[in-house]
Amino acid sequence: MVAASFDSFKSRDHKAHKSKIHLLQWNCTGKLIATGAADRTIRTWQTEGLSRHTQAHGKPEPYERTLKHTADLLVLHWHPSEPFLLLSGTRDKRLWLWDATSGAQKWAVNIGIEPTTLAWGPSGSEVAVLGTDKVANDTVCFVPVASKPVSFRKETHNDNEVNVAQRIRTETFEDNEVLDIKFSQDGTLLFRATFNGNIVEVLEYTNRTGQLLHNLRGHVMQLTSLTVSPDDKWLAVCAADAMLTMWNLDTMTNLWAFTRTDAAPTCATFSHDSQYVAFCQEREKTIRILDTASGAHLHTISTPEVPSGLAWNPKSSILAWSGYVDGRTDYCCLTLWAPP
């Protein structure tokens, strides 16, 4: 992908949900994308189908599956290597594992916290869940995940809830709220954005010792999100001080900080080749694209509304976002921005 070609990219809106989309992610192959909305549903879409289909006025796009939940959706995340396994988390403190090919729920489990962030371990055997206990994000659950449940807890209202509580490992932080967590791509490190001191803690995870290796200090206000590049060389940090910072993971040093705006960046996403990072900000109807290594500003995308989700395809140059509502039909749209 060449930066000079961004001017030729075109965006296309696809009517997706009748309520606001606030969750968005591609699967590992880049052939499916999932959208989660305020109506408690996740819909999965084939990329090829979206590019081929011509919409009829007032009709939604043809989607693959609708996954319905019993409580408000808070998080969703595809499996890192199994293209049809999708994990979601809801306000009733449950995790749900889905088969996206059939739309079948494989299991659900109550983890005792409201999940705010999911981070799959790269092997796919475990997921770290950051959650709210009482009033703060002070608990991380490490949940073992299997494609087939081992045992079940039979209940009159739900016969498909797997009992893995005895296998869930939890870590509680009584004196320091955790704001986001991410694994390195190779699974050897766990990054933890903390409230006290606005520090990113880098923990050893190979042997699950949790040994603190580094503290990354680059912000003066609350951290909002962490993003690891596909090549495992870069860490992008968004914060409320209106800065996006980039860190070299080989040297654990700060490369640059982007501070051209007063609006705080809310989320960042890397291109599939890790050359570029795109991010969106509070209150701004724009998406900015920067060079990962230098921080040079390369392109700005103007959007009709403030984006509520942003994700670059892991295998191609397609960038997806949500937030625009079609005024004629009231559908919330999934927007794909791609080369002609």
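The backbone N, Cα and C atoms fix where each Cβ goes, and this holds for glycine too.
Fair warning: this is a prediction, and the values are worked out from it, not measured in the lab.
Annotation source TrEMBL lists repeat 'WD' at 14-48, 66-108, 216-257.
Outside the repeat 'WD' (14-48), and at least 6 residues removed from its termini, the chain residues within Cβ reach (under 8 Å) are 55, 59-61, 63-73, 75-84, 86, 88, 90, 98, 100, 272, 308-316, 318, 320-323, 325-326, 329-336. Under DSSP, residues within the repeat 'WD' (66-108) fall into helix, strand and coil as 0 helix, 26 strand, 17 coil. Here the repeat 'WD' (66-108) has a mean pLDDT of 93 out of 100.
Note: the repeat 'WD' (14-48) comprises 2 helix, 22 strand, 11 coil (DSSP; helix = H, G, I, strand = E, B).
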